[in-house]
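What TrEMBL lists as domain 'Cation-transporting P-type ATPase N-terminal' is 116-190. The annotation transmembrane segment is assigned in TrEMBL to 162-190, 202-220, 356-376, 402-432, 833-851, 857-877, 970-988, 1000-1020.
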Amino acid sequence: MTTKPNHHAQNYYLGDSYFLDVTSTLSKSTKKWRIALAAIYSSRVFLSLAKEIVARRKNPFLTTILRTPSYTALNIHLDDDNNSKDRSEDRLSLSDDEFRSLTEIVKEKDLGRLNQLGGVKAVVKTLKTDSENGIHGEAEEISRRQTVFGSNTYEKPPAKGFFYFVWEAFQDMTIVILLVCATLSLGFGIKENGANGWYDGGSIFVAVFLVIVVSAVSNFRQSRQFEKLSSVSNNIQVDVVRDGRRQKISIFDIVVGDIVYLNIGNQIPADGLFSDGQSLQVDESSMTGESEHVEVDGTKNPFLFSGAKVVDGYAHMLVSSVGRNTAWGEMMSTISRDNNERTPLQARLDKLTSSIGKIGLSVAILVLIVLLVRYFTGNTEDENGNREYNGSKTKFDDVMNAVIRIVSAAVTIVVVAIPEGLPLAVTLTLAYSMKRMMADQAMVRKLSACETMGSATTICTDKTGTLTLNQMKVTKFWLGQEAIKDSVASTIATTILGLLHQGVGLNTTGGVYRPNAGAVPEFSGSPTEKAILSWAVLELGMNTEELKRNCSILRVEAFNSEKKRSGVLSRNNDDKTIHVHWKGAAEMILAMCSNYYESSGRVKVMDEGERIAFQKIIQGMAANSLRCIGFAHKNIAKDVLEYDEEGKVRQPLNDDGLTFLGLVGIKDPCRPGVKKAVQACKDAGVTIKMITGDNVFTARAIAIECGILESDEESNSGVVEGVEFRNYTQEERMERVDSICVMARSSPFDKLLMVQCLKQKGHVVAVTGDGTNDAPALKEADIGLSMGIQGTEVAKESSDIIIMDDNFASVATVLQWGRCVYNNIQKFIQFQLTVNVAALVINFIAAVSAGDVPLTAVQLLWVNLIMDTLGALALATERPTQELMEKPPVGRTAPLITNVMWRNLLSQSLYQIAVLLILQFKGESIFSVNSKVKDTLIFNTFVLCQVFNEFNARSLEKKNVFKGIHKNKLFLGIIAITLILQVIMVEFLKKFANTERLNWAQWGTCIGIASVSWPIGWVVKCIPVPKTPIFDILRQRLKRQQKHVQT
């Protein structure tokens, strides 16, 4: 019978037949070990509790976040042998305290406690997993582990709700002033006119309410969209092994007991322990703030933390805790993400809004002063023609109502003058474009990248996977100076074959999975690794399982983009001979060799003539767009190796005097449509530069195939090696950087150097990158574009936009969307400034001359709603057109409001001002109507002018503004909604909008006047404008006049 001490009575993680009682099957020796262990730890419990109490008093925050008791509570079950036999050996139990102890051991990096528990191997056994084959991959097993240990997610702070954005909209000072005016107007109106006195104040309340709701809804939807994009960007794919099969799964699907494969650039997805690997170094700065890289191994420091990043080497990690049980999960659960990022364009628009607002405020103050003076001097009349103010005879309520009406009109002018729609237009167009770009395989991480991409003048792109398909296959194999074409395994010597098996199978970060002997093998790893492994297994007959049994790996030097090679030191288990194998860029490997193998197995000395012959073979393969990978080998004497105290080889791998084993040529075909995409970018005035690690000949061949270089260009024109560019002086780099089209054999530092030079020359630079070492260039560039498939997590975090399909055509699409964002915002600026200028001038002239404003507060708020929200929605959601890719890039210093926009908006504003002023002063006599109908005609004509001008704003330069309009259903829908609402305002909301019903003839007149804006827009676009910005021209003339005066 199982007995439990009372002080260990607690909850268990029970997961049916798999996670049940571990102690029921313990041997006698293990039971004794458990009892001894319990005695050791019980003596430490009281000391740990005392330390915990002290820590809590000093810093309660640390104890709640880190939870660091330094003891382990284990259940000791003393079962008799008979009952033990009755229990299944597969049944395993992990108590609450045991799991918590394991979690804390990892968090605290407590190596002593880990070793007392039996080390990593004991934890592997306890968690019922296998360090080679991983856990069972059935859905039931995964679900059980998630139930027992939790899922790899953490609770985020609650998102901002709708009412938060409503409250934020209330913070606007003009809205507050309008609400105060509405409250006073409502109070005095009801007091004076009873039940019918609420119209003026109530209508302002309703109008303000609409403005607030529309603004809050827009911001709330944007916030929700960012949350969705954030969840997509956090859904990282991770390599794990389950049932012996290596596979990619979502980071959210990782469970405790999983064996995760970690390579350079990977983000560690959970807390865990080092199970196997070589030369692993991680960056824990996100957790600790320390910039020093931490070395992780199986003896001194086997602890790995979620959120850290692999900077060197590779490893297999046993997952010990996930989600909220990790240090990263605890920390992230307390952090809220703020999406209030201000893009450069938004900052420029804030300045523009501020400038226009100041002008509007000045006009409003003038109107306020003029109207107050006219009222108190008796120069205003009521509806019956009587003087409104008669000194002491006028009631106080009448005076207050008049003052409130005047203040409301002045404040409303400010509301209309301040282009609040500009930030909203930017938000809408960015949110819309982000959503559409996601469908076009581009995920925006930083808002500013959307607009900056539209100004890009140069794109520096990788080759592999971006310009090419990244579907690699070995198509050529050279052994010695002989090309081996058919029956590779049977035509070369057995010793050479064995060395090639070792050189491929041991020196790799990929893997081969074969469910059973007759099954087709599955290959994992990078595309290059998969291509070489596939060739070795299918052509050379390599058996990876047998290879691992026969050889032991002593030391590994992982591949990096600086050296462009990787090496492995191995020992044959049979004869104990030691070999070093190198694999990498063919010319790099060749330079390390002094001998070479022939297919017969004979070793020959490599003299200068034969070295040149090998170089020509490499160049010939490269000229056919093949990536050349070389293999080299060397026997190492046992006595030259030095070992450290842990029995590991201390010195780096020998890399000279090697014997050249052979080389393979890997074909990576260009992507379909990449040439068309490159040409589209060139037509748009954007320069394409290819930066690759391949040799000059492969790089040139691919560049010609993709259209980056012309086939008739000189062989050396526009092509440079990274080392050559690096060794230029600063002056030479600045002089030649524009003419370079291809940089071969480049390192990440060379890429960074090129980006810096291009930026210094005034270019707006976009850079693609996928490796960890690309991070500096991605950060330095104006727009960093990382690859979604092959890109490491470090590269993705350093980038602004993730290209989900790794395709250059998607880069061209991003460029087009960037230009579309910029263009849409310019359209809206032109549209809104037209309204602002017309409304300000009309109200100011009418107030000064007639003592009254033709457009009431409610009417102006309605116009504000049309142009701010509906107008922004209509113009900000235009899709990109081919015409955008026919213009040169905007660049850094181009003004936001161009000469073309000034021409268009001034012409429309002058027309509207002229027409409305005629209606204001002559409308009653022309149409034989009273002042109320005249004011309604002015209001209706003004709104319809904006509706017609919205069509003009669809294109800044094209005369045909209706092209493609049938494709933009949203634009047509908004126009229809605006017209319907305007009819309702005029015909059915007379008291609310202070309007009079119009007959058919009057409606026709208003539409006719408004429609004239179309031919005006067509004619105006025939007028040429100078390319130099108008303010630059004025500035130059002013300088000339000042010089003339001085002379």
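Quick reminder: no glycine exception, Cβ is built from N, Cα and C everywhere.
Where the annotation comes from TrEMBL, it is an automatic prediction and has not been curated.
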Maximum Cβ pairs under 8 Å to the transmembrane segment (857-877) - stretch from the list 202-220, 356-376, 833-851, 970-988, 1000-1020:
202-220
Could you name the stretch, out of 202-220, 356-376, 1000-1020, with the greatest number of CB pairs under 8 A to the transmembrane segment (833-851)?
356-376
For the transmembrane segment (1000-1020), sequence-distant contacts whose Cβ falls under 8 Å of one of its Cβ atoms, 6 or more beyond its ends:
903-904, 907-908, 911-912, 915, 927, 929, 933, 937, 940-941, 944-945, 947-949, 951-952, 959, 961
Which residue counts does DSSP yield for the domain 'Cation-transporting P-type ATPase N-terminal' (116-190) in the helix, strand and coil classes, in that order?
47 helix, 1 strand, 27 coil
Would you mind giving the whole-number mean pLDDT across the domain 'Cation-transporting P-type ATPase N-terminal' (116-190)?
81
